[in-house]
Amino acid sequence: MANTPHGGVLKDLIARDAPRHDQLEAEAATLPSIVLTERQLCDLELIMNGGFSPLEGFMNQKDYDGVVAESRLADGNLFSMPITLDASKAVIEQAGLKPGSRVTLRDFRDDRNLAILTIDDIYRPDKEKEAKLVFGGDPEHPAIKYLNTKVEEYYIGGKLEAVNKLNHYDYVGLRYTPAELRIHFDKLGWTRVVAFQTRNPMHRAHRELTVRAARARQANVLIHPVVGLTKPGDIDHFTRVRAYQALLPRYPNGMAALALLPLAMRMGGPREAVWHAIIRKNHGATHFIVGRDHAGPGKNSKGQEFYGPYDAQHAVEKYRAELGIEVVEFQQVTYLPDTDEYMPKDEVPAGTKTLDISGTELRNRLRTGAHIPEWFSYPEVVKILRESSPPRALQGFTIFLTGYMNSGKDAIARALQVTLNQQGGRSVTLLLGDTVRHELSSELGFSREDRHTNVQRIAFVAGELTRAGAAVIAAPIAPYEHSRKAAREAVQSTGGSFFLVHVNTPLEYCEATDKRGIYAKARRGEIKGFTGVDDPYEAPTNANLVVDVSKQSVRSIVHEIILMLESEGYFERL
């Protein structure tokens, strides 16, 4: 028998509201609406299908305050993660929203009406408190960065009525709601289910870990990977799901099943581990594996872990009785070549030879095409990963040149384009500042905001081309550090590499060699907001390469860039 849902009742709003579908659909078309972001869509789906039971909507202030401070809803139920609907003041005022109002929630992907929210309250959260108590307070934490840069200033709380399910076009047969998964377990005759959370590909160690957990508890295994939002830079879920499917036959027949979870992770470590346990309980699992640094975001810029290695295990242990799902705490496992088996590290006899491949080492082997041994992963899994993560020589990249006008960056960009075209192996795209201004940003001016927008448009195009395997050479002035940082993050979020080249040619040289007389016009006041004259240029603090046309030839600079790319593995090595 499947586990009892958290709070006692599965809050399946889709099933509850199905008899009123036509009425709700008609009403939704008449109401003001809010278009949801990708993270909000993930949250909405799991509220509506009961994955976040006992929630029936986005948290009002009482629930939010209780969860932030004590991991408890206003009714006393344990819930460790704030689930909120953020909106800007402009959206709230434009829609005329207030307590008691009803508002339609829409899908940004296809503009469908998904739900109606009856508003309890509209409140301004204490983001600093939320960051500290929920995520630990480190401003480099991805959830805190998201909170401070993406989340709007107001939260809207209230209960939901489901209008339509979200549409998915990928792996539809693996997307079980909690109710559907419970029926699936019943059909299979499973009464004890160990759930395994992952946002990464699974290898032999993961298979051994889950089999050990199931064997010890006479249970079956639910592989329950996240396919919503994970950590930037993670392997895409399409690749991961193919790898999970390839792994399944390696389990004893009938032992394991695969189901996908449309969760937007927060990488919240201890808080997230408790949240994950609640979610798996709602999906019918009786046991849940919590490993080392569960749902942690890794290390900050100083090389420090955001959480202790076993903080998540301590958190779920603290609430073990309330969670109502048996938490399986597992140490890391390691490979013993002499006996060809995996074993938890704390059980390995002293002096025994062990082998491990870290995540960083695996990425390096995929990048370089180096051998990945079968003791680490199965050939069919490695084949899928290599298809989606080709070696660097087959990947795209972005060279982002920044500097004053007439610093020589355009000449460098053109010469580099010719050199890369001669090299062959990938298409090459040139995004010069003037060209982009004319073709993509003709309506933008030269205010700080417009300049930032222009650079982000360049970054978007560069990221998409880089994802497709092209070499992109961008050469805007890009005078602001925050714009360049955002551009780097945008390109890297697509899985591509971003190389910042600071063309550090002195302003005096740029001005003295300006044959078009642009600087002279700026000095006379005929052009306002001109970089280097009456608008600052913020020198990069993290350039991959610094060059100077007043001291170097364009040819030598291009050669430096080529050598940088070669050292990073972007050209075939004989």
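The backbone N, Cα and C atoms fix where each Cβ goes, glycine too.
Here Swiss-Prot has Gln197, Thr198, Arg199, Asn200, Gly291, Arg292, Asp293, His294 binding ATP, and the candidate from Val151, Val163, Val333 in that same listed site is Val333. Of all the recorded positions in the list Gln197, Arg199, Val333, the shortest Cα-Cα distance to Arg451 (3'-phosphoadenylyl sulfate binding site) is found for Arg199. Among the recorded positions Arg199, Asn200, Asp434, Thr435, Val436, Arg437, none has a Cα sitting within 10 Å of the Cα of Gly291 (ATP binding site). Separating the Cα atoms of Thr198 (active site) and Phe330 (site 'Induces change in substrate recognition on ATP binding') is a whole-number distance of 14 Å. Pairwise Cα distances among Gln197, Arg199, Ala295, which the record gives as the binders of sulfate, peak at 9 Å. Of all the recorded positions listed here (Arg199, His203, His206, Arg451, Arg516), it is Arg516 whose C-beta has the fewest other C-beta atoms within 10 angstroms. For Asp293 (ATP binding site), the nearest of the recorded positions Asn200, His203, Thr435, Val436, Arg437 in terms of C-alpha separation is Asn200. Just so you know, of the recorded positions Gln197, Thr198, Asn200, Thr435, the Cβ with the fewest other Cβ atoms around it within 10 Å is the one at Thr435.
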